[in-house]
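Participant: The feature domain 'MTTase N-terminal' is assigned by TrEMBL to 43-161. As annotated by TrEMBL, [4Fe-4S] cluster 1 binding site applies to 52, 88, 122. Feature annotation from TrEMBL assigns domain 'Radical SAM core' to 184-413. The feature [4Fe-4S] cluster 2 binding site is assigned by TrEMBL to 198, 202, 205. Look at TrEMBL and you will find 416-479 tagged as domain 'TRAM'.
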Ligand code: SAH
Ligand code: SF4
Ligand code: F3S
């Protein structure tokens, strides 16, 4: 690969650094330079999003910027003038999927010389991936990372008008950039970033390198966004961060997340959710806030990762399984009926049969409402990727299958307890196939399919649950607007 003048390539060594310098909060960094105005006039963009809610929210910003440049969205890749892949690097299979997709675009690029194919998001932050793109996927002509979404107008201009391949990926700790345009994809539910990056450095995880250092938005900026959303008719917001418990620590706000939860609740928006909370510094004050305010939903995503304290230590998770259990018990005592979901990794390097059985035991203990389970995937540059691993892939797959069977049985048990109960559901909308079949989510984040005449997306209705399944509940409408 030949470095071209003007390219800024990702650098793993730089991404690993953390300095004590404060992040800047930039309020006026975004503008559309005169020559870029209207660069998307008469053109269509196709945007694909992979990965977590942070990426979903970034895609709303990307769409906002593109529409400010007068691009129109399309769902059909064939008619797109710009294809943008907002990617995830958390596991190898996520990356392989994206690379496969990008491979398919080669024939489109052959037919259309002016087609722009862009890759952004977490994969664009990886040295090895960018090298692969620049050598083996040469039809990709735009690469930018997670730190410079606001530069998209200039970058597009260089590719579209200057006809140059453009690579601009910063491996820095990152700033907080406010006032970027946004085109929200939902009309009743919205994502609200409260912080960016991660400083936990769990030994298996690439996120601290792709997203930069942990940095919070100012509380007044977050609250003002929530107020605006409420005025616009949004009924549910989800506060987003890789570890929301750390909110405000960098700004010196004592008890930051608990305070933010309380201030957000006082605004009076109907439903407040948050993700992700780390078991390590989940404070009692946070539990008290969730218990105290009706509009903070009784649903907590609490990734355990493993049920074995030795593995947790090597993963750098900072809690023992006893501490996790104590936290879980406290949550269930203070917030009765609270739903808890989790993430679990099986087949971490050298995980023994006995250690895996400990994971099965914590699943038996917590009976999670939902679980996201993964086979460990080595990520270049992380400490765990350098560990020798004696667990064969077949063993990892067998463990995953057993684990899935076990947690599924508990999810069904949890759902069955809802039969006969009346629950509040925020309606997402009628199903595409059947006008009188609706779906939405309970306060505890359970998917409910129900029949009704004339309900509307955005209503909060009461539904009686008639039947439980592993993944969803079924019911009938009892009363309309609540
Ligand atoms: N910040 C969130 C997690 C974001 S990544 C948290 O700490 O909870 C989402 C999940 O992907 C993680 O919880 C973990 O279970 C999984 N994951 C992360 N890195 C992984 C890897 N290298 N292999 C397999 N799963 C991984
Ligand atoms: Fe990754 Fe751990 Fe940070 Fe979550 S807390 S993003 S798992 S390093
Ligand atoms: Fe994936 Fe990046 Fe999110 S690696 S999980 S999109 S922070």
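The backbone N, Cα and C atoms fix where each Cβ goes, glycine too.
Not measured: the values here are computed from a predicted model.
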Participant: Relative to ligand 1, which of the binding-site residues 88, 122, 205 have a Cβ found under 6 Å from one of its atoms?
Facilitator: 205
Participant: What Cα-Cα separation, expressed in whole Å, is found between residue 88 ([4Fe-4S] cluster 1 binding site) and residue 198 ([4Fe-4S] cluster 2 binding site)?
Facilitator: 15
Participant: Relative to ligand 3, which of the binding-site residues 52, 122, 198, 202, 205 have a Cβ found under 6 Å from one of its atoms?
Facilitator: 52, 122
Participant: Among the binding-site residues 52, 88, 122, 205, which have a Cβ atom lying under 6 Å from any atom of ligand 2?
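Facilitator: Checked binding-site residues vs ligand 2; flagged 205.
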Participant: Just counting, how many other CB atoms are there within 10 A of the CB of residue 52 ([4Fe-4S] cluster 1 binding site)?
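Facilitator: The answer is 18 other Cβ atoms.
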Participant: Can you tell me the three-state DSSP label for residue 205 ([4Fe-4S] cluster 2 binding site)?
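Facilitator: Looking at the DSSP assignment, residue 205 ([4Fe-4S] cluster 2 binding site) belongs to neither helix nor strand, so coil.
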Participant: Do you know the mean pLDDT across the domain 'MTTase N-terminal' (43-161)?
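Facilitator: Mean pLDDT for the domain 'MTTase N-terminal' (43-161): 96.
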Participant: To the nearest whole angstrom, state the Cα distance for the pair residue 205 ([4Fe-4S] cluster 2 binding site) and residue 52 ([4Fe-4S] cluster 1 binding site).
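Facilitator: A Cα-Cα distance of 14 Å.
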